[in-house]
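If you look up TrEMBL, you'll see 2-298 marked as domain 'Phosphofructokinase'. Residues or ranges marked as ATP binding site in TrEMBL: 10, 72, 73, 102, 103, 104, 105. The annotation Mg(2+) binding site is assigned in TrEMBL to 103. What TrEMBL lists as site 'Important for substrate specificity' is 104. Marked as substrate binding site by TrEMBL: 125, 126, 127, 162, 169, 170, 171, 222, 266, 272, 273, 274, 275. If you look up TrEMBL, you'll see 127 marked as active site, proton acceptor.
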Ligand code: F6P
């Protein structure tokens, strides 16, 4: 069988482990030919093909990024996009497609599957907000990077008696903020799940600095928002693909805190450093497991499903169950971050 493979949306560490797994298992166990499409759905619509054999995946396991390239393009949202995708699949005689992506790519996958194409999806996003899976590829590496950053910020915060705001990624969910905040011992975690009250933030900082500390670290998810009706008016700023303008909320928060408390305040925006470099062992293992499960599912005739981690098991979840849902941080984990401040 000829099986197509693409990676869409933002890159994450661990994608190459998943690509390698699909190719090795696909060629070796099932005797398939794997055909790569460069730059996600864009390459599939444009017929931008790349052969994927064992020689293409040699030594890629510890590498970051995606050897296929990626793009933010959604064929169902583009005039003629779905027709172009079907035309390429026909021309390349592709019988099934594996797409590795986050919410945007998975939404596109369900639309393409609806149009009769056999599809199995694999979840990846450092945001870890894909519904139906406990973990998405890339999250573990991002948490490691963010935790190291919080650890490093700690020493300079203490030396200078400053309030340090560290902004991490997470548009719709605060998984990186909460986990790196707990692991790095942050004083406050601000996540999209719980809009924050600036007055309470200020009171907390004033009390802490008066009572027992001279510095504070606040980890903020880029999608955090102030409580409606509170004394901080703010509108989330979005880019052309719905991505949040990096730094907007934390710069504003920093200015509010400095203004209201008089504390020396600095903002660090981690940005794409969270998505770069070598994947952790956990992401290499997850990419490998979900990749093998995807090619096995395709070979078993499955379609319209996503491979997912549930507890210790890899399972298949219907794409229709995932559509339009965001997996948010549980209240218990947010409470732990609060309790240990
Ligand atoms: O979806 C993953 C993500 O890393 C978000 O957290 C972030 O808002 C966005 O991608 C950044 O997108 P881009 O790479 O297009 O700037």
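Every residue, even glycine, has its Cβ placed from backbone N, Cα and C.
Unlike curated entries, TrEMBL annotations are predicted automatically.
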Requested in this report: With the Cβ under 6 Å from ligand 1 as the test, give me the qualifying entries from the binding-site residues 104, 169, 171.
Outcome: 169, 171
Report task. Among the binding-site residues 169, 273, point out the residue whose Cβ has the most other Cβ atoms within 10 Å, with all shown protein chains included in the count. Result -> 169
**Report entry** Closest of 73, 103, 105 to residue 266 (substrate binding site), Cα positions, binding-site residues only
**Finding:** 103
Report summary line: For the binding-site residues 103, 127, the largest set of other C-beta atoms within 10 Å encircles the C-beta of 127
Query raised in the report: Around residue 275 (substrate binding site), how many other C-beta atoms are within 10 angstroms of its C-beta?
Result: 20
Query raised in the report: Which residues of the same chain, at least 6 positions away in sequence, have a Cβ lying under 8 Å from the Cβ of residue 125 (substrate binding site)?
Result: 9, 10, 12, 101, 102, 103, 136, 137, 138, 139
Report summary line: Spacing of the two Cα atoms, residue 275 (substrate binding site) and residue 72 (ATP binding site), in whole angstrom, works out to 15
Report task. Using all protein chains in view, find how many other C-beta atoms are within 10 Å of the C-beta of residue 104 (ATP binding site). Result -> 21
Report summary line: Cα of residue 273 (substrate binding site) to Cα of residue 105 (ATP binding site), in Å and rounded, measures 22
**Report entry** Spatially closest candidate among 72, 73, 104, 105, the listed binding-site residues, to residue 171 (substrate binding site) (Cα to Cα)
**Finding:** 104
